[in-house]
Amino acid sequence: WLVIAVGLVRAYLAKGSYHSLYYSIEKPLKFFQTGALLEEYLLIAKYLPGIVPSSVVLTAFQVMSRVFLTWAVTHSVKEVQTEDSVLLFVVAWTITEIIRYSFYTFSLLNHLPYLIKWARYTLFIVLYPMGVSGELLTIYAALPFVRQSGLYSISLPNKYNFSFDYYTFLILVMISYIPIFPQLYFHMLHQRRKVLSHTEEHKKAE
């Protein structure tokens, strides 16, 4: 994710514009975001065959939605790659993941700076809505092109007697954000109160 961040900054300095920066980080974004599937698989496998915690399920939705945006929308619908909304979610993802992995790294080293902990449980307040807004706007921008091209759609009649409308599916994906995003957001707010209040109490005790 640092590679992606550096790529964005270098491309911006070279072009002098934030438009169409997606092309400068397209390959590493696909690689690292798809790689998150392995991380999520290992995380879920850790809890199986027991009950998978709701936080893991929510995180799995987040990872799958990002992979979906990367491949099934941004990669598949070339016309949206120049949309500013793509840069919106890419920047949000990049900052979020740099903070998250820094948090994990310093925690494993048993030397977690308060600034990293604070950033992990505070900046999401802005970054999560920013990322979701970018994702939804990108899907919305892709809808006319999907409808026009019939991308990934299957029409009747066919030998499988099955039809699929990718345009409608994308609309359903957008609707699914309504119940899922608040759960993820409020879960993080709850974690923030718990973690940071515990830190403050620990400091007072010292």
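Heads up, the Cβ atoms here are built off N, Cα and C, so glycines get one too.
Listed in TrEMBL:
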{"type": "TRANSMEM", "residues": "51-74", "note": "transmembrane segment"}
{"type": "TRANSMEM", "residues": "86-109", "note": "transmembrane segment"}
{"type": "TRANSMEM", "residues": "121-146", "note": "transmembrane segment"}
{"type": "TRANSMEM", "residues": "166-186", "note": "transmembrane segment"}
### Query
Is the transmembrane segment (166-186) packed against any residues at least 6 beyond its ends, judged by a Cβ distance under 8 Å, and which are they?
54, 58, 61-62, 65, 68, 73, 124, 128-129, 132, 135-136, 139-140, 142-143, 146-147, 150-153
### Task
Mind checking which residues of the chain, 6+ beyond the ends of the transmembrane segment (86-109), have their Cβ under 8 Å from one of its Cβ atoms?
1-2, 4-5, 8, 18, 21-22, 25, 29, 32-33, 66, 69, 74, 80, 116-117, 119-120, 123-124, 127-128, 130-135, 137-138
